[in-house]
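See structure below.
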Amino acid sequence: ESLHSTIGLLGISAGSLLLAVHFYSLPRAAPLIPSTALGVLLLVPSSLLVYAGIRRSLRNASLFLSLCLTISVFWCGYGVVFILGGQGLLSDTGDFRNALVPGLVTFTLALLIIAVVGFLCREVILAMVASAVSLASAHEVATHYSTAFGSSAVACNYMIVCLVGGYFALGRILYFLTKEKIALPGTDLTKKKTHKQIQSTSGSMNHFVVTGLILNMLSASVFGCRLLGVTGKLFIGQVPWLWAAGVYQIGVCILSYRAMDVLMATFFGFTSILKFTEGYCLLYPIWQAEEPSFSTPFLVVFSILFAVLALFLTLKSPVDGLYLLFYVAYCIALACCPKGFFEGGPQGVDVAIFVVSALMTLIHLYNVKASARIPTGKGAVKALLARSSFLKLREGADLHTPYLGYSKYADAEVLGYACSVLASFAITMTGDPQAPLATVVIPWVVVAGGILKLLGGSVAFSRGKTLESSAFILYAVMWIIWGLTRYGGLYGTTRSFHTAIGIIAFMPFNGFIVFCTLFLNIAWFFYSLAFLLIAVSFLLDAIHALPAGYDIAATLIFGLVSFYCFLSTLFNSVFEGSCLPMGRPIVQLSGMGGGMTKCLHLPARKASSVKRIADILKNGGTCGIPTDTVYVLVAACNRPDAVEKAHHSKRQAQDRPMSLWISSLKQLEPAKHLFTPLLWDFMEAAWPSPISLVVPRGEWVGFLGMKDSAKYVGTPQSIAIRIPDCTVTTHLIDLVGPIVVTSANPTGEADTTHHNQVYAKLGDKVDAILCDGPSPENIASTVVDCTKIDSGNIGFFRVGIIPKSQVLQILEQVQKK
């Protein structure tokens, strides 16, 4: 905990020292640190601050996180601007000022808000750092507009940051060297950390919202400053701020999924698209003389998506929902202006977004840190819906629990479908083939259809949705390649042939996905089938054989299907029931999807899950559980009905009898006299391990309470018994008692090495599965024949993960003993 805070403040001190040296030497003819070198060096502490902010300490969670990430994005954009200046790209009079001022204005206000909240919440060190950097930025803005303000004032503020950071670092070093005996005031992070504070910061609250709002201020500032006359023009020098904000916004989107906040994560995904597009538009002088035009249908659809998201976010927080309406207005303003970001209407909305984002930053940051909260209307809509019998909000600890086991991320399918809608409507405006870059299409298709769809596919994969993630990733690659090739003007007669070959190669993969979706649900079948129509339109366009209107029809069909999937997923993630269902599988196979309605999935990392599995076993259920080798199917020994059910559910073969597992030899202690001393010592030496010992059947079986279930375990002459080397499994046996075990797969099939495979093979035949991801090993246990051990001989029914030599070595050591 201390390490991350120390790294963060030392990173701020290092960057401040660089800037202090730079501004002290600025009046000289040649600055001490060249612009390019300064820009590159600033990127280093910027990276450190990202690490320290994300790996934040518990006590300073929200404020420390916001401070680190805010200064990180500030220095990232600031550094790139210096690099551009050093490379001669900001050569005109006033270019450096026009490039720097929008970012400096934003961070002056943002850091001032963080400082105010820090002082109010008695986080003095963080507040001093934020206020010093804020004052430095304000002084720097002043130096650009008046020669009366010298750069020494900026340097002095950065030196204050260096001194505060050095004081903090000294305090932490003393605290460590003196073994917690000496702690300078304000540097002891371990005290005053009450249970209430830990509880409030480690819950489901999304601490990354503040950073996302500050990034919205940054992009709005670029265009708002132009409208208000603070800057003289829009040009390439402001692109670093916009693209830095876009990159960090995608990071905030991912971290919001990590915080299980689907709605805000989707919103930040949408705003990242706008930021990348804004930066792309400012690069237009590189390839053409005139400002680019915008696609009206796309922006209308974008405004509809923002409006739908605002409606659902209002259910959680009315203030956040109203905030999103400013982006609805922004998209409408863009749609009404042919030149988009370059016209006064959208820039006026940008000024409003800047002001409102600053206000929202203050509200969110203060409400996280302070005990008295600014009212945001949370719970008001929830109270109204509580009276409704038709709509009921989803709540509870398992709100974001995936169907297949555990995941660190919430479901990103909402964003994936929304990006499909955006990408499809973006290409409804074909533009001029002779000047494809004259219309803004590339960022809509590449960022929305490509980058964010890859993000959605990756998150879907982490949640066990293999088919959905494969489709998202495949479609994302297709959108990126086609968007850059077709709308970047990269293909002529020769390249179009190569493009056609690539599309033809893609189509069998999509055909396979269409086939697989027959077993998933109706909505996904039509979604993948509609993309096949898109791929056909791409192919026909590449070979110059596209019928008039076909591409528009294909994109409209795919866009509407995607919009339904977006609404359905969003609705079902917020409300209970399925008012907008995705549909049932078109083809239902035995054993596939059966677990969707019957089989519980419980994460093995939770003690409560193990207890729940134990209760199911005690009540006569059968469960799939992880072990030290592969997944197994288990039932309680003292429940003959459950043992019989397990025997029949996997079509157990007579030549592969079920085995017996215990958690400790103490469970066999009452029957110790029934085992030979050599066999007992061998069991004691061999366990716990992935070694199953086949021992003679005897009266000791009765001591385990097996009763009528004994006929299903082992053979009339012997029984295989083992103590697994797995904490979860042995804890479960401690709760239930001895269990009967068999591999979690139908007889004759391969062993299951992931809980997904248990679902696929036995999902409709077991009562629950304890999910722990991939098995630690892909090989089953070694089965040793100990029926003749007293004669000094042992045999091997199966050599698994433990080799023969190791087992024989154990036996030799026991015999010597």
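Glycine is no exception: its Cβ is also placed from the backbone N, Cα and C atoms.
Straight from TrEMBL, the features:
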TRANSMEM  7-26  transmembrane segment
TRANSMEM  32-51  transmembrane segment
TRANSMEM  63-84  transmembrane segment
TRANSMEM  96-117  transmembrane segment
TRANSMEM  148-170  transmembrane segment
TRANSMEM  208-229  transmembrane segment
TRANSMEM  293-315  transmembrane segment
TRANSMEM  348-368  transmembrane segment
TRANSMEM  437-455  transmembrane segment
TRANSMEM  467-485  transmembrane segment
TRANSMEM  497-520  transmembrane segment
TRANSMEM  552-575  transmembrane segment
DOMAIN    607-802  domain 'YrdC-like'
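Touching of the transmembrane segment (437-455) and the transmembrane segment (293-315) is concluded from the presence of at least three CB pairs under 8 A, sequence neighbours closer than 6 excluded. Here the transmembrane segment (148-170) touches the transmembrane segment (7-26). Their Cβ atoms form 3 or more pairs under 8 Å, with each pair 6 or more residues apart. Sequence-distant contacts of the transmembrane segment (348-368), counting only residues of its own chain at least 6 positions beyond either end whose CB sits under 8 Å from a CB of the stretch, comprise 61-63, 66, 106, 109-110, 113-114, 116-117, 120, 205, 207, 209-210, 213-214, 216-217, 219-224, 227-228, 319-320, 323, 326-327, 329-330, 333, 374, 376. Through the fold, the transmembrane segment (208-229) approaches residues 62, 65-66, 69-70, 73, 77, 101-103, 105-107, 109-110, 238, 241-242, 244-246, 248-249, 252-253, 255-256, 259, 261, 264, 267-268, 271, 274-275, 278, 341, 344, 346-348, 350-351, 353-354, 357-358, 360-361, 364-365, 368 of its own chain, all at least 6 residues removed from its boundaries and within a Cβ separation under 8 Å. Outside the transmembrane segment (96-117) by six or more residues, the chain places 63, 66-67, 70-71, 74, 77-78, 81, 84-85, 90, 126-128, 130-131, 133-134, 137-138, 140-141, 144-145, 214, 217-218, 221-222, 224-225, 230-233, 235, 237-238, 240-241, 354, 358, 361-362, 365-366, 369-370 with a CB less than 8 A from a CB of the stretch. Between the transmembrane segment (497-520) and the transmembrane segment (552-575), fewer than three CB pairs separated by 6 or more residues in sequence fall under 8 Å, so the two stretches do not touch.
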